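Engineer: A single structure is presented below for examination.
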Amino acid sequence: MSEANVKLVGVVWRWWTPHVMCVIWTMAMNMITVLGQGTGSLTGAVTFLENYESQSDSQHFRILNDGHQVQLVLDEYAASGFGSKYQYLFGKIGMRMKLVPGNSAGTVTAYYMSSQTPGLHDEMDFEFLGNVTGQPYILQTNIYANGEGKREQRIYLWFYVDNTPIRVFKNNKDIGVPYPDSKPVGIYSTIWNGENWATNDGWVKLNWTYAPFVATYESFNVDACRVDNGDTASCMAQTSSWWMSSEYQTLGAYQVNQLEWVRNNYLLYDYCADRKRSPAPPPECARNPL
């Protein structure tokens with residue numbers, strides 16, 4: 001999918017309790033209709049300021065349409081970002097994004113969840129890596145658990161994606177692999193200069209004559225268990241919540257086929273196959289062939 005065709009991108013994380021298997025990234029993308037949102041504790045259209053707040057100055061962050069749309073702006077003076085007002089443990093989130101159009105080479109538009117536990121943080125990343133005009137965006141996902149990362153996968157984005165699983169990270173704590181199941185996380189998005197690595201491994205630099213680079217967002221619902229004052233006990237105790245039902249424990253057969261199709265057709269890089277980085281595959285790779 002070339003950058004010229006990018007209109008809106010909906011992204012959803014689903015992450016579960018300690019008793020189940022997966023962090024699952026899914027994506028919905030097309031030219032008009034995108035991923036629906038869970039309502040959580042707020043029903044109807046949710047404005048940005050109900051769940052989020054800016055982390056930038058007024059020149060690099062814009063609120064539009066009475067708070068139903070915002071923009072992050074990158075120029076030669078500053079990057080830009082926003083974050084959630086609250087932290088969450090289990091649930092599902094989604095947001096609609098319009099990526100930087102035209103020549104976006106060197107830009108990184110990131111959408112991620114991260115805990116506030118320096119050195120031992122949990123984090124799940126979407127990083128949309130810009131490209132020159134006419135070339136497709138690349139999506140890099142990564143996951144940190146207890147501060148351990150370097151679990152990147154990269155895929156090309158294609159023209160139509162409809163709630164298609166693009167990655168699964170299973171719970172392998174029984175073989176000593178950390179898993180992000182206990183730390184509350186905030187929800188964040190940023191746009192920044194990644195020209196040293198983002199496009200063709202840094203060979204294509206960001207061209208400031210195309211600035212400002214603008215990413216647009218809408219749909220700010222969160223359907224997740226909110227954690228107040230770091231106390232996760234109430235979330236852990238919710239054994240009858242929707243995320244505990246069987247359909248959210250793992251992928252079904254059809255979703256497995258979808259994930260295999262993505263990997264067979266659009267996968268560019270998988271840390272499990274990188275023998276320059278790891279002469280032997282990390283231990284979770286044998287259990288997570290998809």
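From the backbone N, Cα and C atoms, a Cβ is placed for every residue, glycine too.
In case it helps, TrEMBL gives these features for our protein:
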ACT_SITE  GLU123  active site, nucleophile
ACT_SITE  GLU127  active site, proton donor
DOMAIN    1-270  domain 'GH16'
CARBOHYD  ASN131  N-linked glycosylation site
Engineer: To see if you understand the setup: which same-chain residues, six or more apart in sequence, place their Cβ under 8 Å from that of the residue listed as 'active site, nucleophile'?
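Structural biologist: Listed in sequence order, they are TYR112, MET113, SER114, SER115, ASN142, ILE143, TYR144, GLY149, PRO180, VAL185.
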Engineer: Other than its own, how many Cβ atoms are within 10 Å of the Cβ belonging to GLU127 (active site, proton donor)?
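Structural biologist: There are 19 such Cβ atoms around GLU127 (active site, proton donor).
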